[in-house]
Amino acid sequence: MSPCSPLIVISSLATGTIITMTSHHWLMAWIGLEMNTLAIIPIISTMHNPRATEAATKYFLTQAAASAMILFSSMINAWQTGTWDIINLTYEPAHILLTLALAMKLGLAPMHFWLPEVLQGSTLTTALIIVTWQKLAPMSLIYMTLNNLSTTTLILLGLLSSIIGGWGGLNQTQTRKIMAFSSIAHLGWMIAISSIMPNIMILNLTIYLIMTIALFYSLILSKSKTIQDTTTTWTLSPALTTMMMALLLSLGGLPPLTGFMPKWLILEELVAQNLTPAATIMAMSALLSLFFYLRVTYTTTLTLSPNTTQTKLKWRFKPNRPTLLMGASSTISIFLLPMTPLMLL
């Protein structure tokens, strides 16, 4: 591969998202989404094996269908209202189509089936891009159109996603699939609160991105593709093992770690809006997610696998990547809870 190819692909990926996030016109937003989709396809299929090709094909088909639905909803809205402004989406069938299209883009239940399969066919680094950077453009569109979207539909999508995200991850042994279901559950929490308190949605998205980057970085450094691989992480670095344990518990939303903050604020706001049944269901679904995080935590820190002599010396090798990003994101992912009052200003 030419040295220019990765540069072109990654710059196109970044540009596509930025175009969508900064546009006021539906066609510009659609162009940004298309650039973004076309740029990630070569990144997914770099491995040159059938699994990667299948993942790239599935990703392309779902994202292309979602983009077409977004274009169609904006066209029928323009037909009815005479405007292409993103914030002026006032025609009801256009809302419904847009909500479904953005749910498909994000991988929200019940349009979530592509996400675990695509992540399983990708490398850990590509999976990290898909569950972090690729969520920004659709989330920005949701943020811009919130005043016109149905609150009931968004809360139902959020409830379903948080339940399926917890339930689907229970039986998984592959770390990438676990992270896919974790992503579905977290996005469910964000969507449920989006139309009630958008600033909490932004806070939740930011914390989710930081925690996911930190955990994926740990998995990349320890080359852990399955739960069984995590049992030998301690031989690479005891400090990394301890950090992974804290990160997993933070993702599960246990106090006094950072991950507790968005869950606490969302449940508090739902109860304040007299949505106590929804808050109860979401709290119960968080227990499902917590179970599979605890399972990975247990294998990482509390079990010793049968090791060969070579494995016992693995800790002598230095990590082959700089760990500044991981150090910064891990620290924020664990110790940010006391800063909650400042976050709400």
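Cβ atoms are placed via backbone N, Cα and C, with glycine included.
As written in TrEMBL, here are the features:
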type	residues	note
DOMAIN	23-288	domain 'NADH:quinone oxidoreductase/Mrp antiporter transmembrane'
TRANSMEM	59-76	transmembrane segment
TRANSMEM	96-115	transmembrane segment
TRANSMEM	152-171	transmembrane segment
TRANSMEM	178-196	transmembrane segment
TRANSMEM	202-221	transmembrane segment
TRANSMEM	233-255	transmembrane segment
TRANSMEM	275-294	transmembrane segment
DOMAIN	290-344	domain 'NADH dehydrogenase subunit 2 C-terminal'
TRANSMEM	324-344	transmembrane segment
>> Under 8 Å between C-beta atoms and at least six residues away from its ends: which parts of the chain pack against the transmembrane segment (152-171)?
In response: 96, 99, 103, 108-110, 112, 116, 177-178, 181-195, 275, 278, 281-282, 285-289, 291-292
>> Under 8 Å for C-beta pairs, could you tell me which stretch among 96-115, 178-196, 202-221, 324-344 has the largest tally with the transmembrane segment (59-76)?
In response: 96-115
> Can you say which of 178-196, 202-221, 275-294, 324-344 has the most Cβ pairs under 8 Å with the transmembrane segment (96-115)?
Replying inline: 178-196
>> Short question: most Cβ pairs under 8 Å with the transmembrane segment (324-344), which of 178-196, 202-221, 275-294?
In response: 202-221
> Are there residues at least 6 beyond the ends of the transmembrane segment (178-196) whose Cβ is under 8 Å from a Cβ of it, and what are they?
Replying inline: 103, 106-109, 112, 115-116, 119-120, 127, 131, 135, 139, 142-143, 146, 149, 151, 154-155, 157-166, 168-169, 172, 204-205, 208, 212, 215-216, 219, 227, 251, 262-263, 266, 269-270, 273, 278, 282, 285-286, 289, 292-293, 296
> What mean pLDDT does the predicted model reach across the domain 'NADH dehydrogenase subunit 2 C-terminal' (290-344)?
Replying inline: 77
